[in-house]
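Student: Quick one: the structure is below, questions incoming.
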Amino acid sequence: MTIDHEVKRRRTFAIISHPDAGKTTLTEKLLLFAGAIHIAGSVKARKASRHATSDWMEIEKQRGISVASSVMQMEYRGCVINLLDTPGHQDFSEDTYRVLTAVDAALMVIDAANGVESQTLRLLQVCRARNTPIITFVNKLDREVREPLDLIDEIERTLGMDVVPFTWPVGSGKRFHGVYDLRHELMRVFRPGMDHAEQKDTTIITDLGDPAVTKRFGANLEQARQEIDLIKGAAPEFDQAAFLAGQQTPVFFGSAINNFGVQEVLDTLVDLAPPPGTRKAIQREILPTENKFSGVVFKIQANMNPAHRDRIAFVRICSGEFRRGMSLKVVRSGKDVRTSTVVSFLSQRRELLETAYAGDIIGIPNHGTLQLADTLTEGDNLQFTGLPFFAPEIFQTVEIADPLRSKQLKLGLTQLGEEGAIQVFRPHLGSILLLGAVGQLQFEVVTHRLKHEYGVEARVAPAKYQLARWVTAEMPRELQRFIDANTHRIAYDAVDAPTFLASFSAEISVAEENWPGIRFHKMREHAGLLFQTAS
């Protein structure tokens with residue numbers, strides 16, 4: 001098989017949503033319909049022995065939430081699908097942001113009862129900024145929900161993109177009868193309890209004018225007919241170019257927990273979602289079909305297998321072909337990486353990988369050699385851009401009861417910090433480490449993982465700082481003068497980038513006014529080399 005052929009059959013996408021919209025359930029059902037698993041994990045009954053395939057971390061199983069990104073690969077209809085299930089909790093949106101830099105499309109899940117929620121909107125803004133194509137799945141039609149016309153209007157108005165319904169619901173809640181497929185002009189009938197693999201086939205009705213059909217579904221069908229006529233007259237025609245530009249979204253309705261509407265979404269991902277495209281590096285644009293391998297680390301996960309205390313670097317292949325045993329260079333350090341134990345994923349389950357192509361996600365065992373946003377090549381000096389680190393919005397100090405466990409604490413925080421799940425800052429003065437995060441749950445997860453994965457009982461307490469800005473200057477001497485004058489407010493992050501800490505935004509404003517030669521940044525990119533200026 002040629003590289004061109006293999007690239008064309010790749011589909012790499014992320015599933016995004018507000019917490020509790022049903023994202024993890026839909027992930028499970030996509031795996032089920034693609035034949036990757038034979039029984040979907042029960043997301044609802046988390047205390048049972050069966051858990052969602054994509055929720056592998058112990059705290060996820062205990063609390064029934066996704067706090068880490070999972071990667072799953074499967075084959076369906078001749079295509080290789082790389083599915084990335086992102087954290088559902090808003091405190092982990094930074095991890096989700098990085099995942100979105102590794103995909104070519106996104107599947108947005110909306111709770112039909114709640115519409116477009118805050119986390120959904122934030123993630124969609126990221127997709128829009130990157131012109132990522134978006135397919136929308138309106139979930140939970142088997143419950144009492146909002147009027148579908150209102151939902152469509154809200155999606156269009158809030159997200160600022162044209163909406164093209166591909167299916168339309170007939171009723172909802174206890175009177176949910178199915179969906180009408182507007183492209184194929186047929187109705188798929190819903191049956192309660194369709195949550196078993198052997199029940200995934202649905203009854204199809206092609207003639208909605210049949211008196212028996214009208215009698216069977218009554219007023220709900222009549223209302224759906226009127227809405228369908230309205231949609232046909234008002235909704236724009238589907239435009240593949242507009243979809244690929246992130247300006248138009250196909251919309252599907254269904255109930256993921258009942259396996260209903262999932263098949264249509266999976267088929268549309270194969271038919272309409274784009275194969276891997278060009279990727280921007282500082283030096284030039286990289287074509288996916290280039291012969292030489294290139295890839296970027298978008299995620300690092302510690303302790304995927306706690307028995308081995310391992311760390312895996314998740315790499316999005318941007319061009320060329322991966323071959324087991326090939327020599328890859330880490331552009332940042334110039335060091336070579338061994339590739340004899342590179343793996344592919346089905347969540348925490350992995351298999352040794354012989355070959356992979358642009359668009360695929362591979363896992364490279366990492367012993368500190370790789371960092372987030374590292375570029376890997378066959379020798380070319382390239383640096384991919386767009387993988388961000390955001391300034392924390394909450395700070396806490398961390399201490400341990402047993403000083404003899406200090407080494408384990410440092411190891412744990414170093415590895416968890418490399419994941420990007422938490423940011424660890426070393427103060428210029430003093431020895432108490434600072435943890436920075438965008439949400440409180442991140443601290444809970446870190447203390448839980450320190451205890452269960454590193455054997456460290458850690459205590460966190462609110463710090464006096466609430467804001468941070470990375471600082472740079474054109475003149476190194478000026479930056480050193482600023483650091484010397486503000487030693488009590490300076491800390492260094494995982495890549496030793498100097499950071500100014502503040503309790504109030506006014507303190508940053510004063511510093512900016514008093515030090516015009518210093519730049520204050522809300523965001524940094526790889527190794528502290530690229531910054532976005534903002535106060």
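Glycine is treated like the rest: Cβ placed from N, Cα and C.
Grabbed the feature section from Swiss-Prot, which reads as follows:
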| type | residues | note |
| --- | --- | --- |
| BINDING | 17-24, 85-89, 139-142 | GTP binding site |
| DOMAIN | 8-277 | domain 'tr-type G' |
Student: Output the one of S17, D20, L141 that, of all these binding-site residues, has the highest number of other Cβ atoms within 10 Å of its Cβ.
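Tutor: Result for the most crowded candidate: L141.
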Student: For D20 (GTP binding site), which of the three DSSP-derived states applies: helix, strand, or coil?
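Tutor: SS state of D20 (GTP binding site) = coil.
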Student: At a 10 Å cut-off from the C-beta of T86 (GTP binding site), count the other C-beta atoms across all protein chains.
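Tutor: Excluding its own Cβ, T86 (GTP binding site) sees 28 Cβ atoms within 10 Å.
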Student: So what's the mean pLDDT when you look at the domain 'tr-type G' (8-277)?
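Tutor: Reported value for the domain 'tr-type G' (8-277) is a mean pLDDT of 82.
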Student: Can you tell me the three-state DSSP label for T86 (GTP binding site)?
Tutor: coil
Student: If you draw a 10 Å sphere on the Cβ of K23 (GTP binding site), how many other Cβ atoms land inside?
Tutor: 28
